[in-house]
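What Swiss-Prot says about this protein:
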- C357, C417, C420: [4Fe-4S] cluster binding site (BINDING)
Amino acid sequence: MGIDAGTTATPRTLAEKVWDDHVVVSGGANEPDLIYIDLHLVHEVTSPQAFDGLRLAGRPVRRPDLTLATEDHNVPTIDIDKPIADPVSRTQVETLRRNCAEFGVRLYPMGDAEQGIVHVVGPQLGLTQPGMTVVCGDSHTSTHGAFGALAMGIGTSEVEHVLATQTLPLRPFKTMAVNVDGELPAGVTAKDIILALIAKIGTGGGQGHVIEYRGSAIESLSMEGRMTVCNMSIEAGARAGMIAPDDTTYEFLRDRPHAPKGAQWDAAMRYWQQLRTDPGAVFDTEVYLDAASLSPFVTWGTNPGQGVPLAAAVPDPELMTDDAERQAAEKALAYMDLRPGTPMRDIAVDAVFVGSCTNGRIEDLRVVADVLRGRKVAPGVRMLVVPGSMRVRAQAEAEGLGEVFTAAGAEWRQAGCSMCLGMNPDQLAPGERCAATSNRNFEGRQGKGGRTHLVSPAVAAATAVRGTLSAPADLD
């Protein structure tokens, strides 16, 4: 990787700088560039065929030291000392363990102190660093862009290519600037920013782009908040999301297990501090959000772009002028069993899920505990609080958060993807409605027939207490 990210004569965006520093072979105008990959993250769902391909070709993993695996999607979040009940899930986890042992890849298995969701584990260990290229066979790899890394999800054939070569053929992406300036009102969070953005530009608004999030409201976010924003870039159709590193980034990384130390830290800092979009650099697209105008946000439909402020009502498809939008809304409302004009705050839930690679970090759990402290989960509501990693769980326990959750009547679980997706035992029953801090509200995402409303941790906690979609201010 070069050290001249800020010294070129032509103004460049942050994404262009990281890209240029990783071009092994330029493809010119007609072919993809060959891009070097600094960190490859692996889990049990998208890797089995990739390892099989290596085995059939007689190839090793080229850089096992730059590869990390963890078990997250299929693992249960209770009784983790017992065999996994579902045979498909059990096979995938056992296959990952065999593959990692055979190919010399680091693995954090279920029960390990460092196990957790891959996009929580990488940053907390200091493996994710500014200026890196990061890939994983998982859509939400964009999370790591919060550190100024170029991070993206890839398919299984690409996973095999990276395992074998530590490179990936890619064509340059378009660039989009999302400018969020102003001060966020009290109770408005990073999750509300990204849900509002997706509602504004649509689930295809960022297609083919790398989004750079900029502006005073973004700069004021913690690293956890920045990861939440970048995590859902894919829900806006983008290939990746990035935020330029700054003092908040450096303080988060300092003294992490795999962060540079001593003179290496000083050298890294000199490079990292150049990772900013140059004055005069041109983005293909620019979008603006006024932070002061934002409020707690919630989805009503079956894609992340179908969202409104919590203070609003379920929209009426008949008032939509675009035919495709109207038809999608009608279909979504039928699945969600909602009526136009219903105030969002009147919608009752059966379950609340706190967790996922979007909102399963310690800051998220602190927010939830602050709301739940001294209160009880509403009768008839099931609440799952699932830490994004065992390290997050240990920290939450040390801070007494686990006791707050259980005292309120919530289920305090072990680490994993859990109810974000129907690949493990934590699922909704058909017809159940859930307020979830995760990232996708597709039909059946949390279990066949389940209905999902995407919310922030603060809204999730307040909803659990009131039993209807609510913000903490509604509890006063």
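Glycine is treated like the rest: Cβ placed from N, Cα and C.
Under 8 Å, Cβ to Cβ, and six or more positions away along its own chain, C420 ([4Fe-4S] cluster binding site) finds F353, G355, S356, C357, T358, A436, S438, N439, R440, R445, Q446. The C-beta environment of C417 ([4Fe-4S] cluster binding site), restricted to residues of the same chain at least 6 apart in sequence and closer than 8 Å, consists of D72, H73, V75, I117, G355, S356, C357, M423, N424. The Cβ of C357 ([4Fe-4S] cluster binding site) has 29 other Cβ atoms within 10 Å, all protein chains considered. A Cβ within 8 Å of the Cβ centre of C357, C417, C420, the residues given for [4Fe-4S] cluster, is found for these other residues of the same chain: D72, H73, I117, H140, G355, S356, T358, G360, G388, G416, S418, L421, S438, N439.
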